[in-house]
Each structure stands twice: as C-alpha cells, then as structure tokens.
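J.: Following this message is one structure expressed as structure tokens.
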Amino acid sequence: MARHDEAKAGGLFDRIGNFVVRWPLIVIGCWIAVAAALTLLLPTLQAQAAKREQAPLPPGAPSMVLQKEMSAAFQEKIETSALLLVLLTNENGLGPADEAVYRKLIENLRADTQDKISVQDFLAVPEMKELLASKDNKAWNLPITFAGDAASPETQAAFKRVAAIVKQTVAGTSLTVHLSGPIATVADLTELGEKDVRIIEIGAAVSVLIILILVYRNLVTMLVPLATIGASVVTAQGTLSGLAEFGLAVNMQAIVFMSAVMIGAGTDYAVFLISRYHDYVRHGEKSDMAVKKALMSIGKVITASAATVAVTFLAMVFTKLEVFSAVGPAIAVAITVSLLGAVTLLPAILTLTGRRGWIKPRRDLTSRMWRRSGVRIVRRPTIHLVGSLIVLVALAGCTLLIRFNYDDLKTVPQHVESVKGYEAMNRHFPMNAMTPMVLFIKSPRDLRTPGALADIEMMSREIAELPNIVMVRGLTRPNGEPLKETKVSFQAGEVGGKLDEATTLLEEHGGELDQLTGGAHQLADALAQIRNEINGAVASSSGIVNTLQAMMDLMGGDKTIRQLENASQYVGRMRALGDNLSGTVTDAEQIATWASPMVNALNSSPVCNSDPACRTSRAQLAAIVQAQDDGLLRSIRALAVTLQQTQEYQTLARTVSTLDGQLKQVVSTLKAVDGLPTKLAQMQQGANALADGSAALAAGVQELVDQVKKMGSGLNEAADFLLGIKRDADKPSMAGFNIPPQIFSRDEFKKGAQIFLSADGHAARYFVQSALNPATTEAMDQVNDILRVADSARPNTELEDATIGLAGVPTALRDIRDYYNSDMKFIVIATIVIVFLILVILLRALVAPIYLIGSVLISYLSALGIGTLVFQLILGQEMHWSLPGLSFILLVAIGADYNMLLISRIRDESPHGIRIGVIRTVGSTGGVITSAGLIFAASMFGLVGANINTMAQAGFTIGIGIVLDTFLVRTVTVPALTTMIGRANWWPSELGRDPSTPPTKADRWLRRVKGHRRKAPIPAPKPPHTKVVRNTNGHASKAATKSVPNGKPADLAEGNGEYLIDHLRRHSLPLFGYAAMPAYDVVDGVSKPNGDGAHIGKEPVDHLLGH
C-alpha cells in the first residue's frame, strides 16, 4: 500500500470502523433486534397507510373552502363518510322479477344492524327513481353511504360485509351486480398496492442479484448487499410505522416507491464500500483493516451521496399536495436507514465473511474498455459533446408532446371490479349524472325575490348555452329547462288565450249589445214620458193637497157642513183630484216595478259608478222603489179612491154626512202620509233627473257598445299576437323569465327552495352537468369558462355584490393541477439549490457545479421524453400528473450524486492536467459507477411490473433516466465538457498543475481573469533506464529498473511530458483506489507491476493523447 494513504485516522468513521470490526456480532445482533422489535410491536406499514385516506387537496384549497361554505350555508353537517355505488343491471331489460330482487336486497341491507350504512332506494322515495333508474330500463343505481373514512380498517371491513350481502342476494338471478364508488376504489387500490410491494421487491431483488453476480462473480459477495438491504427495508418500514403513530402521513404510493429506492440506493452504497474493500485487499491489507480503511475512506462519500438524496426528498415536506409531502419524508427516512445500514451492518457482515475468505476480489474485466473510452473522449471532446447533446436534446424535445392524466381510474387495471362498475355506470347513465358540478351563489341580499331569481335564471341560461354543458338544474329550472309557468312567452300566451275567449264572447253577443243600446234608448224615452206625467200628477196632487188642507182647516173645530157654502164645488174638486191622483199612482207603481232590477244592475255597474249623472239617476230610481216598498203609493191610491167615490147629487143631509165621513178618512190618510207634499216634490225632482240621466245613459251605452265592438277587433289582433309569442318564442333564449310573487307561497316552490336555496335566502346552488370526462384537462378548463360567464352576468343585477364559486370533481382536479404547478416549481428550485450547494461545498468551485446541474436537468428531460415516447405514443397512455415531480427529484439527486463522484475523482486526478485526469477517472470509475447505476436502474425497472400504472410509468422513466445518465451523460457529456473547460472547472479555487503541460484556452482565460502570469516551468528530471514488463493481468507497463531500497517504487518519471507515477498515485480518490495506476512490487531489487490494478497502457500518456 502506498504511503500516501487517503484513509486517514481519526473522525467519526474511524471510531465506527473500530467498533464494528471489534464487535461485528453485536452490531448484527442489534440490527436484528431492532428490526424484530419494530415488526412485532408496531402495525405493518400497509396497515398504517390504510388507516387514513390520502387527502387529495390541502384544507385551504379553494374547492375545499367552497365546500365548507356551502355546507354551512345549507346547514349540512360535514361528516366523514364513504360512498358505495351498487349498480344492478340486466341487459335484457329490467322487469317485475328484478324489482322483487331489488326489494329483497333492500330488506337484507336494512336488516344489517352491525354496519352503519344509509341506503338511498326509490322504494322509500319514489321521486328518486327518475335519478336512480337508467333511461334504457337496464340499470338501477343503489347508493349506500358508510359512516367513517373510506380507507379506515373499520369502514373497509363494513364494506366487505355489505358487498357479501349484495352478492349473495343477487346470486342466481337475472341481475348482474357492479360495485364502484370511492370505498370500492380504495379497497382495490389497497389490494393492488399490497401485491405490488411483493412483486416489486421480488423483481428488484432478482434483477439486482443478476447484476451482482456479473459484477462480483462470487455468491457470498453477491448475497452480502442483499442481506444488508433486507434488514434496512424491514427497519425502515418499522421506523415509518412508528412515525405514522405520531402523525407522519404514509400512503401506498410512498411504500411502493420506498422499496424500489431502498433497494437501489442500498445496493449502490454496498457496491461502493465493497469495491473499496477489494482495493485494500488487493494491496495487501488484512480483511479487518481493509474493512476499517474502506469505511474511513468511503464513509464520507456515501454520506454525502445519501444526504443529496435525503435532503432533497425531505424538502418535499413543504409541498402542498400530499402525494408529494407524504412520499418525500418517507423516502428521506428510508435513505437515512439505508445509509446507517451501509456504514454499520454492512461492515460487520464484511468483517465476518472476510475473515473466512468468502469475499475475495476477482479480476477487473472492464477497466481497459473504460480507459480507452476516456482516451477517445479526450482526443475529440467537441465531437463527443456535440453528439451526446444532439441525442439528449432530441429526446428532451419529446416532452413537448406530453399530456397529463388526472383520472386515477386509468392508473389501475381495467379488470378491477371498481373500474368495471364505473364503465357499466357510464354505459347506462349520462356522463356526470351522479356527480354534477355545483354552482354556489352567496349574496348579502335575500335571493327570494322575483328580480334575484330572474337574474340567477339569466346566469344559468348563459352557462347552459356553453359548449359541452348538458343541463343546468336549479330552483327556476328543476328539470334542466325553465318552468313553463315562469316563461314570459307562456304568460303572454295565457293572456292571449283569455283575450281570444273575450273576443269570441263579444262576437257571440253582438246582437245582445244592440239590444242593450235599443233598450237604453227606450228606457230614456219612457222615463221622459214618466217625467211629464209625474210632473202633471204632482202639480195636481199639490193642488189637491192644498185644497184638502184648506177643507180640513175649514172643517176644523165645531164647524159643520151646514156652515159651508158652495159644497157642490168642493165635491167636484174632490172627485177630479181622485181621478188625477189615481192615474199618477198607477204610473208610479209601473215605474217602481221595472226600476227595481235596473237599480240592482246599476249598483254593480263600474260604468255607472264612474258617471256622476248615472249615479244621480240611480238614486232617484231607488227613491221611487223605496216609496212603493214603504207603502206610500198604496196610501195615495186609497186616497184617490176615496175622492173618486164622492157623489155629486145627494141630499144635503146625506151629502153632508157622506162628505163628512170621507173628509175624515182623507184627513186621517193625510195624517198617515204626513210630509207628502215634500215627498211629491222630491219625486218630481227625481223624475226630472232620471229622465235627463237616462237620456245621457242611452247616449253613453250607445258609445260604449260602439267602442266594445271596435275593441273586439283589437282584442282579436292582440290575442293572435300573444298566442304567436307563445308558439314561436318558446325557446329559452326568446321566452323571457318572470316569477309572479304569489308563486312563493306555493308548496312546490317551498319544496324546491329547501334543496336549492338556503334557509335565510342568502345562498343558492345550481347543479351543472357537463358532457366532458371530469378528469380531463378540457373539463378543468371548462370550469374557468363557467366561472367567467357567471361573473360576467353579475354587473347591474341583484347579484352584483354576490360571490360565485363552482364545486365538483373538475374543480378539485383543477386545484390539484394548480397546486401541482406550484409544488413543481418549488421542487425544481429546492432540488437545484440543494444539489448545487452540496456540489459547491464538495468541489470548492462554482463553474463545475453549474454545468453539472445543467447535465442532470437535460438528462431528466431526456428520460421524460423517452417515457412520453413509450407510454404515450407507443402504448397510448397519458402520463400521470404526479410523474414529473417524483421522477425529477430522484433523477436529479441520483444523477448529481454520480456526477459528483465522477467530478471529484477528476479533480483529484487533475493536479497535473485535466486531460490525464479525465482518462484516469473514466478508466477507474467506469466499472464501479456503471455497476451502481445498473443496479439502481434495475431496482426502478422493477416498478414496471406494478399493477398501478403510475408506479410503472415512474419506474420506467426513472430507470431509463439512470441508464441514460450512466452510459451517456456521465461517460461522454460530462468528461468531454470538463476536458474543454480545463482548469476553469475549479474556479475560483486553486489547483496545482504540472508546469510542463501546455495551457488550454480556458487556462489562459483564467489567468487573464485572475491577473497573474504563468510561472516558469520546472525542468523535468532525466528519465531512468526503463523496460517493458508484463503484470499479472498480461498488460504491458513501463517500470523503473533502478533498485529501490525498502522495496518501494522508484520516484522516477519518464521524460517527454510523462509524470511522476508515485506523485500521481497520491492524488487518486480513495473510493476507487488505484485502478488506473500500476501497483509495484520489488522483485530481485526491481519494481514490477503486481497486477493489482490497471495502467495507462503501453505507450506514454502524451502519445495516447496525440502529442
């Protein structure tokens, strides 16, 4: 071993190495005890993941906040529940026998008292049949709600019991049962995840085993990494299970991903440590000391490698989506456990097996191939760089074709029961019929007004007119179309119909109107004649009354007839008065007879009520009718009869006696009709007014009838117009909208308001059914269109100060897409910053870390491009939306990890020139890092066999990315770019360089930047006499022939630009030993190659480089 050994004593790994080598059984026992305790005391990691369902969105997501606001507005309790959709189908059509099975199933489900379920059937609520029965009469949907989280063990156990009841009831009937819904999907995903873990672990182990056999060609050496990985996986799962008890989120995706990452990373760490152990053994170290020195030299390297991956994944805890925040910490913990296993358990196993000689190294078979590759790259760096970049850029360009899938149903196999259930649902029910979007309107105003509902209806109508909108259902349109009663066209049609009926009536009763006109004129004429007669009668009656009054006065007291003179004159007057009075009373009684119904008709006539003259005439007619009803006319007739019966030729005694009796009777009658003169005067005035009013009334009736006839033709035209509106303007865009206030009191409105309006009237919700698959980007973009249209309908309406939101599957997926874009930006920035800082600290430079970050980025894009070609263009599968984020972190971290090891070795090999450093590094690291890359890629390719398509896509993309990075980026692109940049790679740090090496362009640029000149070259020593010897590998090498005391290689160098071999050896990276340098033994006083490593070749280095 060279005296310039890089495995320096002291430090953490020196102490760990001492303990492990001294007490290997204790270390192994502790690992076994911890793994066993975690396994026995804690639930399995799968059980922990099943305790809670992964939240698709954070609580503060817009769709989640909107859901809470809507539940609060409608006073709906937010309880954790899981939905099961039981679909019963009969492709021949559902019949009475099927309904009997349906009834039996409902009875059996209601009899299940063990499980807390709620069954929504159309037997209990017949109105639900329209929603739960398909239009083709081939399917019934039976929703069942479970209390509790869909992923909890209790809910899953209840689901299995209910599923058994359903299948037992339907078995042997004409019905076919399909189970779908969230709870069925979770059950299928859990079962698939458990299967995938076993498949992935077995597949990855077999792949890694094959690669390890090829690398080590030793059965025990091959099994040592697998034993370490097995213990690490068990311990990591137990650790995560314990952390899950304290609230760490764990899901099946993290478990599956973790297994593959641990196998890959753990094997890589084992390969690095075992390779370093073999280097020390080849140089003559004893097994225990080789284990210790290997740990001392490689411990820091694999720790830095593990930190690159773990810290990068740990940063994902700050992401919003749980698909990232749950996977990140789990992978970080797994990598940490893998690192602990690599620096403690693996050295302990190597100590026990190494002491027995079971893990001796085999001859390296690939170093010469990699060395020649390095020479070709150094000779033509530009060609290699441009060629590799063309390939990488072309592959990266394929990412422009990528389309993302947000439908989780597409990520599981199509034969899964829940997927079959959804497919059957889509065959028999319209798209989104059971899961429509909900338009939520919240306003500070009361929306239970005609104006507010009209504005909401207008907004709903505009949304319904958008492309791919099947219907919008709400209070004003419960069946997807506005109620016909609320259409202005319908209301106009109703008015038109009534007008049409009125027109018909007018036409049918035109003759009667003419009769009314004639009757009015006849009435006026009759009343005029009556007025004349009443005036005459009243005049006569007034004279009679005055005469009788005078007679009564003359006969007052003790006067007798004998005292009267001219008695015959009085008798004649009395008889004439009786005749006149009798005729007047007769006319008055006739007037009273036909005036009574006329008074009643005029009392209910709005025309007469509005005409003052008619009102006066009506009052006068009413007075005549009242005189007859009160008996006044009968009294006057009796007086007239008495006066008429007075005899003209009588004896004086008889005459006086008769006249005396008659006068007494008249006097008594006059007393009975006290005030008769006044009433006669009033009747006279009333007759005059009635006659005048009846004439005016006749003229008015004539004019009214003429106008009614004209109005009839106008009504006919109006009716035709309104009925035309009803017939031709029934389309929603033309029909208009109006809700009469009286509708708010109807029971139908109140029932609908309970569903679509909040109790206080300040919130409304409408259901929007789309024709698009809710898991597509088109449906997410449709959400923006709906909200845009709804917002544009608010200004200058009752909704101008309202807030509007949209809830539903597309809205939630849109939020996922927005959060994904935000998380992806964070992941990219955090990963680049973390990896860049680690590279800067490791290399103490700024230039190299920049292009190394660029190399891993283009490697990642190229891998994503290959994944797009394979899955999207060849297999016809869209890429899952979470794939870029998960693959980015791992590919960048692993790619930067390998490049970090490569560039570190180049730096250590380049104190005398970049070109020779690149050749030595490529030749020495090719086999080890390539093996590690293949092992990691093989573990990721194990995910391709997963049933969950997301894992298969991630495994392939990451695996092909690691292969691409291993065989192209690390072996061609980075070495070529490093060669072209030269010493500027390490700017601003100083790095010694052999003065005899001609400067590169980058060197000259660096000198100009730093402002210093190149120092004078130091003369090279004269070369000793050398000869070509063969080492044990059969390779030719130049060895100094000078005898060296103490058996060490001579500190001599060949001339013409060849370098001091021992001086170069002290700069080699301890991780890879001296694979590129010939090791020397002293044979007969001459240093000769011992075969423990490769060499540069037969020719001097400058000859190989083309100098």
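Think of each number as a place in line: the chain as shown, counted from 1.
Every residue gets a Cβ built from N, Cα and C, even glycine.
Unlike curated records, TrEMBL annotations are generated automatically.
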J.: Look up transmembrane segment in TrEMBL and report which of 209-229, 881-901 it refers to.
T.: 881-901
J.: At a Cβ cut-off of 8 Å, and with pairs 6 or more apart in sequence only, do we get at least 3 pairs between the transmembrane segment (881-901) and the transmembrane segment (295-318), yes or no?
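T.: Yes, since the transmembrane segment (881-901) and the transmembrane segment (295-318) share at least 3 Cβ pairs closer than 8 Å, they count as touching.
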J.: Quick one: do the transmembrane segment (382-404) and the transmembrane segment (956-977) have at least 3 Cβ pairs under 8 Å, skipping pairs fewer than 6 apart in sequence?
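T.: When sequence-distant Cβ pairs are counted, the transmembrane segment (956-977) touches the transmembrane segment (382-404), since at least 3 lie under 8 Å.
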J.: Is it the case that the transmembrane segment (824-843) and the transmembrane segment (330-353) have 3 or more CB pairs under 8 Å, with pairs at least 6 apart in sequence?
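T.: By the criterion, they do not touch.
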J.: Can you work out the mean pLDDT of the predicted model over the domain 'SSD' (223-352)?
T.: 87
J.: Can you tell me which parts of the same chain pack against the transmembrane segment (922-944), counting only residues 6+ beyond its ends and a CB-CB cutoff under 8 A?
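T.: Residues 199-201, 203-204, 207-208, 210-212, 215, 256-257, 260-261, 263-265, 267-268, 271-272, 275, 364-371, 373-374, 377, 894, 898, 901-902, 905, 951-952, 954-956, 958-960, 962-963, 965-967, 970-971, 975, 1068, 1071-1076, 1094.
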J.: Under 8 Å between C-beta atoms and at least six residues away from its ends: which parts of the chain pack against the transmembrane segment (20-42)?
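T.: 231, 234-235, 237-239, 241-242, 245, 288, 291-292, 295, 341, 344-345, 347-349, 351-352.
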J.: Which range out of 254-274, 295-318, 956-977 gives the transmembrane segment (330-353) the most CB pairs under 8 Å?
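T.: Stretch with the highest Cβ contact count: 254-274.
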J.: Below 8 angstroms Cβ to Cβ, which residues of this chain, lying six or more residues outside the transmembrane segment (956-977), approach it?
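T.: The answer is 370, 373-374, 377-378, 381-382, 384-385, 387-389, 391-392, 395, 851-852, 855-856, 858-860, 862-864, 866-867, 870-871, 883, 887, 890-891, 894-895, 898-899, 902-903, 906, 918, 921-922, 926, 929-930, 933-934, 936-938, 940-941, 943-944.
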J.: Run through the domain 'SSD' (223-352) and tell me, per DSSP, how many residues are helix, strand and coil.
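T.: So the domain 'SSD' (223-352) is made up of 116 helix, 0 strand, 14 coil.
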